[in-house]
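**Q** Sharing the record's features from TrEMBL:
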- HIS481: active site, proton acceptor (ACT_SITE)
- LYS86, GLY150, THR179, GLY180, SER181, ASP349, MET355, LEU356, ALA357, HIS358: FAD binding site (BINDING)
- GLY216, ALA217, GLY218, TYR219, ILE220, GLY221, LEU222, GLU223, GLU239, GLY308: NAD(+) binding site (BINDING)
- CYS77-CYS82: disulfide bond (DISULFID)
- 40-364: domain 'FAD/NAD(P)-binding' (DOMAIN)
- 383-492: domain 'Pyridine nucleotide-disulphide oxidoreductase dimerisation' (DOMAIN)
Amino acid sequence: MAMANLARRKASFLTRNISPSPLRFSLSRGFSSSGSDENDVVIIGGGPGGYVAAIKAAQLGLKTTCIEKRGALGGTCLNVGCIPSKALLHSSHMYHEAKHVFANHGVKVSSVEVDLPAMLAQKDSAVKNLTRGIEGLFKKNKVNYVKGYGKFLSPSEVSVETNDGETTVVKGKHIIVATGSDVKSLPGITIDEKKIVSSTGALSLSEIPKKLIVIGAGYIGLEMGSVWGRLGSEVTVVEFASDIVPSMDGEIRKQFQRSLEKQKMKFMLKTKVVGVDSSGDGVKLIVEPAEGGEQTTLEADVVLVSAGRSPFTSGLDLDKIGVETDKVGRILVNERFSTNVSGVYAIGDVIPGPMLAHKAEEDGVACVEFIAGKHGHVDYDKVPGVVYTYPEVASVGKTEEQLKKEGVSYRVGKFPFMANSRAKAIDTAEGMVKILADKETDKILGVHIMSPNAGELIHEAVLAINYDASSEDIARVCHAHPTMSEAIKEAAMATYDKPIHM
């Protein structure tokens with residue numbers, strides 16, 4: 001079965017990659033700060049979707065200009081999102097380990113202190129180096145880079161108010177909107193980035209708050225709550241829904257919440273925020289049960305608003321050229337990322353689908369491949385998601401709840417890290433691997449992992465799902481011993497037969 005699948009996949013790969021491109025473009029063009037000459041492709045936005053699209057377009061021989069208002073490439077993800085948050089997650093985890101775990105491994109430290117300015121400086125240094133790295137990639141690939149705020153004059157023209165106060169017009173045969181998303185605001189709550197902060201402000205607090213309230217139990221709220229909780233904050237998470245991270249598999253979610261509670265994170269679920277008072281030294285948050293009832297006042301030094309994100313299309317003048325959007329402001333596109341206006345495309349957080357940096361990157365590559373006459377494809381059902389707490393939670397494909405709702409017959413295979421030799425050896429045995437497979441065909445439908453480095457482990461499952469592998473396919477692959485990834489093999493064995501080590 002595995003050999004037949006391999007032959008079929010090779011044939012599919014060859015079919016996808018031998019199609020000739022009907023378009024040809026010159027590879028010779030200069031790097032400049034303006035894009036006044038007509039381009040083959042113009043991208044508005046230099047985040048993960050935009051800058052990747054720009055580089056790929058240039059690699060395909062398209063004359064390309066990228067417009068970015070921030071003055072630093074990488075978008076929210078690199079500047080005030082994914083990258084700085086992971087830097088702080090790692091730094092705060094190192095501190096927590098030194099203070100609470102090192103002694104268990106025979107490493108005694110007489111005194112452990114937090115140097116917050118140094119921690120923030122390390123985070124800023126990582127961001128600066130990476131943004132400069134992208135500029136270097138633009139130069140290497142001869143992508144024109146315009147720093148400024150772009151808006152449509154027509155389907156083939158973008159007016160740019162540059163960051164140095166000038167105005168220029170950038171022309172393009174194909175224009176891609178890749179402006180990303182912004183923090184979703186809540187009625188009656190004004191974010192000042194001091195006492196009431198968004199994720200941006202939470203990355204740069206000048207001191208460790210004694211009490212931190214997080215509004216929203218999604219990926220970002222739990223990650224930032226973890227950072228400050230490890231550094232000493234008393235963290236309370238207020239969530240309107242009945243569960244944390246509602247998109248997560250239910251069994252994994254419950255185990256995940258118990259883990260965070262053991263780390264002293266408190267949860268108030270099915271709770272609604274009805275008022276806020278920041279006139280004093282701290283912040284007073286008035287909450288009540290989601291279904292109504294007696295109100296309670298919570299006090300904190302800082303409140304983090306993390307209730308999701310909204311597509312950022314403000315000031316683009318999309319209505320001027322007739323681009324259609326849905327009721328929440330997302331740009332509507334077809335399977336080739338084309339809007340209803342010829343020559344105008346959209347990718348990333350401004351269109352429907354997961355608001356994830358890696359999804360935006362895939363959008364960008366696929367979109368310019370279509371523009372260049374090639375084949376592009378993104379399957380949003382096979383995009384992995386990761387919560388970078390400790391332990392991490394990573395998933396791809398369907399949850400058990402989704403399969404039940406869809407009426408799909410399935411089998412479940414699970415393996416705990418308590419039975420994994422590498423996890424026991426390094427004393428990080430919390431969590432499990434859970435695999436869901438079709439009952440009749442054994443095709444893998446979903447994989448969910450809770451463990452340290454789950455975000456790295458999940459990619460074996462992502463590859464398997466993308467190539468329609470069965471649980472038996474994974475189970476019959478030799479995994480190095482001792483490794484954490486052996487838990488995936490054992491969970492796969494548990495799915496179609498029986499595991500060895502449990």
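Each residue, glycine too, has its Cβ placed from N, Cα and C.
Since we're looking at a predicted model, the values are computed, not measured.
Could you place these features in context, so I can see how deep they sit and what lies close by?
**A** The C-beta environment of HIS481 (active site, proton acceptor), restricted to residues of the same chain at least 6 apart in sequence and closer than 8 Å, consists of SER421.
All protein chains considered, the CB of THR179 (FAD binding site) has 31 other CB atoms within 10 Å.
Cβ-based neighbour count (10 Å, all protein chains) for ILE220 (NAD(+) binding site) stands at 24.
Counting every protein chain shown, the number of other Cβ atoms lying within 10 Å of the Cβ of CYS82 (disulfide bond) is 20.
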**Q** Can you give me the same-chain residues 6 or more apart in sequence from SER181 (FAD binding site) with a CB-CB distance under 8 Å?
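**A** In sequence order, the residues whose Cβ lies under 8 Å from that of SER181 (FAD binding site) (at least 6 apart) are THR76, ARG309, SER310, PRO311, PHE312, ASP349, VAL350, MET355.
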**Q** Mind checking which of LEU222, ALA357 has the fewest other CB atoms within 10 A of its CB? They're the binding-site residues.
**A** ALA357
**Q** DSSP helix, strand and coil counts for the domain 'Pyridine nucleotide-disulphide oxidoreductase dimerisation' (383-492)?
**A** 40 helix, 33 strand, 37 coil
**Q** Max Cα distance spanning GLY216, ALA217, GLY218, TYR219, ILE220, GLY221, LEU222, GLU223, GLU239, GLY308 (NAD(+) binders), Å?
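**A** Spelled out: the longest distance between any two Cα atoms in GLY216, ALA217, GLY218, TYR219, ILE220, GLY221, LEU222, GLU223, GLU239, GLY308 is 15 Å.
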**Q** Using the recorded NAD(+) site (GLY216, ALA217, GLY218, TYR219, ILE220, GLY221, LEU222, GLU223, GLU239, GLY308) as reference, state which further residues of the same chain have their Cβ within 8 Å of the centre of those residues' Cβ atoms, listed in sequence order.
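**A** Here the non-site neighbours turn out to be VAL214, VAL237, ILE244, VAL245, SER306.
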**Q** Give the maximum pairwise CA distance in Å, whole number, for the residues LYS86, GLY150, THR179, GLY180, SER181, ASP349, MET355, LEU356, ALA357, HIS358 listed as binding FAD.
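**A** Across LYS86, GLY150, THR179, GLY180, SER181, ASP349, MET355, LEU356, ALA357, HIS358, the two farthest Cα atoms sit 30 Å apart.
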**Q** Would you identify which of the binding-site residues GLY216, GLY218 has the most other C-beta atoms lying within 10 angstroms of its C-beta?
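**A** By the 10 Å Cβ neighbour count, GLY216 comes out on top.
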